[in-house]
């Protein structure tokens, strides 16, 4: 049977996008690297631990099916079809909510300024691992306090801290008592932050041409380390008890709404919906690429990685529980501490401890670099889409633009490598990754699934690949995904708690700064809507004639030169009517 295939071309109104990925597998690997990050190693096991082990896996896998895969497919379709980053893609799809695209760029840039600090910490631990015994193995160090213990802390041991915790707090961070106490520069961390940004720059300065080569290593190497760690951990005493805790559910937990909300939020944050990163990357695809194949590869690999990391982490928990004669449910496990406190504490008791520590932190470096590539690329892609010609006239080469973006993000990240850095980091992460991203996701789904329309989204898929999406994706886009996103947003608002770090509560002025950080991305949504209202000139009749002849629903905006000026009063009602007509036609 002979199949005749006609190569489809992108719509002329979008223009060519150069360069594209050298090989399509490079986009798939880059997408996997973007989705698979540090959250798979610490946030997923932590939420699973807090939600009763295996009980978390049931809602997690369900949310992957009805929320994660459909929304990732939605983002990749829009990016590949419009061949633009999130700013221009969303502006073309829904002029009224074009600010959502700007908001995704803002939140990605804000996050990349402090996300690279995690890579900096990982580099510090990596270099500190080349010694035996490991520096966090005992309490016989100059930085240790009298309340130091080499045993895992239980929930009742509130007056002592482990050697690993004290290494993190008093050696690496040299943290002060609070954000209001200021502090000096941690010059070791400052130099490592420079090194981290140098690594980022040389991995992405050639755009997708250089990133496509780097991801062959950074996306695949973590799996080698995870498998090696799992094989090692599975042979340790107590590992089976930890694994059983991970896979055997406490059924009563399924009756708690928070478990379901946390599962949906983890799928949402882990895949990166609303950050614009994968949309920007998909804009470099060939127009006829099978985007569904990439969607399934990225989303399923991401979740399988989380489950694999769960086996690695919980087998280590079982070993720690065996050594300390403490029930697994009573181990002190907290968010980032899982990576930089609890797991390093487990290394200290393993055979050939420095080797496993080195391998583990190389793996963290790879996971962090992949996610950082994507967040920086969002900013670079958006700047090139909007001001590419003018920027290249000034900077001559795109490499210099990447250098400017990296240098700016580096300068904004300097407060994180001071002695108050951990408090700044926790404040920014709380108000960005928890508050801002939920609002962005809600408005993105409203813009694409609601105002742009499922029918048009399906037509885009058919134009690129020849077949419309099946009924499953249509139902998810129209009903299931918007409903779940709304529920998550409502529960995020209802259950919102001010930022805190361990027992430290931020003062009111710091909480106010946190809300300013959150608004730095959210504010673009209403500003974009107001701008769209402002740039629609002319009376209703003039605009009606124009849109009937050209159907500008995929235009960035209706410009003044397109419609004759008029002295008629431009009321809000006229503008709103035009927008509604543009959206539904």
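Glycine residues also receive a Cβ, built from the backbone N, Cα and C atoms like all the rest.
TrEMBL does not curate its annotations; it predicts them automatically.
Among the features that TrEMBL reports, transmembrane segment is placed at 21-42 (among others).
Taken from TrEMBL, the feature Na(+) binding site applies to 33, 35, 36, 40, 270, 302, 367, 370, 371. Non-local neighbourhood of residue 367 (Na(+) binding site): 36, 37, 38, 40, 41, 222, each in the same chain, at least six residues away, with C-beta under 8 Å from its C-beta.
Sequence-remote contacts of a segment are chain residues at least 6 beyond its ends whose Cβ falls under 8 Å from one of its Cβ atoms, and for the transmembrane segment (54-78) they are 47-48, 89-90, 93, 246-254, 259-260, 262-264, 266-268, 270-271, 273, 278-279, 282, 291-292, 294-296, 298-300, 303, 306-307, 441, 444-445, 448-449, 457, 460-461, 464, 469, 472-473, 476-477, 480-481, 484-485. Sequence annotations record features per position, and here TrEMBL assigns transmembrane segment to 54-78 (among others).
What TrEMBL records for 99-127 (among others) is transmembrane segment.
Around residue 148 (disulfide bond), taking its Cβ as the centre, 20 other Cβ atoms fall within 10 Å, counting all chains. Positions annotated as disulfide bond by TrEMBL: 139-148.
Under the heading transmembrane segment, TrEMBL lists 189-208 (among others). For the transmembrane segment (189-208), the residues of the chain that approach it from at least six positions outside its boundaries are 19-22, 26-27, 30, 116-117, 119-121, 123-124, 172, 214, 218, 281, 284, 369, 372-373, 376-377, 380, 398-399, 402-403, 406-407, 409-410, 413-414, 416-417, 421, judged by C-beta separation under 8 angstroms.
Among the features that TrEMBL reports, transmembrane segment is placed at 220-247 (among others).
Remote same-chain residues near the transmembrane segment (259-284) are listed as 17, 19-21, 27, 30-31, 34-35, 37, 39-40, 43-44, 47, 50-52, 55-56, 59-60, 62-64, 67-68, 71-72, 75-76, 78-80, 82-86, 89, 101, 104-105, 107-108, 111, 208, 253, 291, 294, 298-299, 302-303, 306, 371, 374-375, 377-378, 381-382, 433, 437-438, 440-441, 444, 484, 487-488, 491-492, 495 (criterion: CB distance under 8 Å, separation of at least six residues from the stretch ends). Feature annotation from TrEMBL assigns transmembrane segment to 259-284 (among others).
As annotated by TrEMBL, transmembrane segment applies to 296-320 (among others).
Sequence annotations record features per position, and here TrEMBL assigns transmembrane segment to 340-369 (among others).
If you look up TrEMBL, you'll see 400-425 (among others) marked as transmembrane segment.
Proximity of distant same-chain residues to the transmembrane segment (431-454), defined by a Cβ-Cβ separation under 8 Å and at least 6 residues beyond the stretch ends, is recorded for 71, 74-75, 78, 90, 93-94, 96-97, 100, 103-104, 107, 110-111, 265, 268-269, 273-275, 474, 477-478, 481-482, 485-486, 488-489, 492, 496, 499, 514-515, 517-518, 521-522, 525, 583-584. What TrEMBL lists as transmembrane segment is 431-454 (among others).
The transmembrane segment annotation in TrEMBL covers 475-494 (among others).
TrEMBL lists 514-536 (among others) with the feature transmembrane segment.
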Least Cβ-crowded entry, counting other Cβ within 10 Å, from the recorded positions listed as 36, 139, 270, 371: 139
Between residue 148 (disulfide bond) and residue 270 (Na(+) binding site), the C-alpha gap once rounded to whole angstrom: 35
Which of 21-42, 99-127, 220-247, 296-320, 475-494 contacts the transmembrane segment (400-425) most, counting Cβ pairs under 8 Å: 99-127
Residue 139 (disulfide bond) to residue 371 (Na(+) binding site) - Cα separation in whole Å: 35
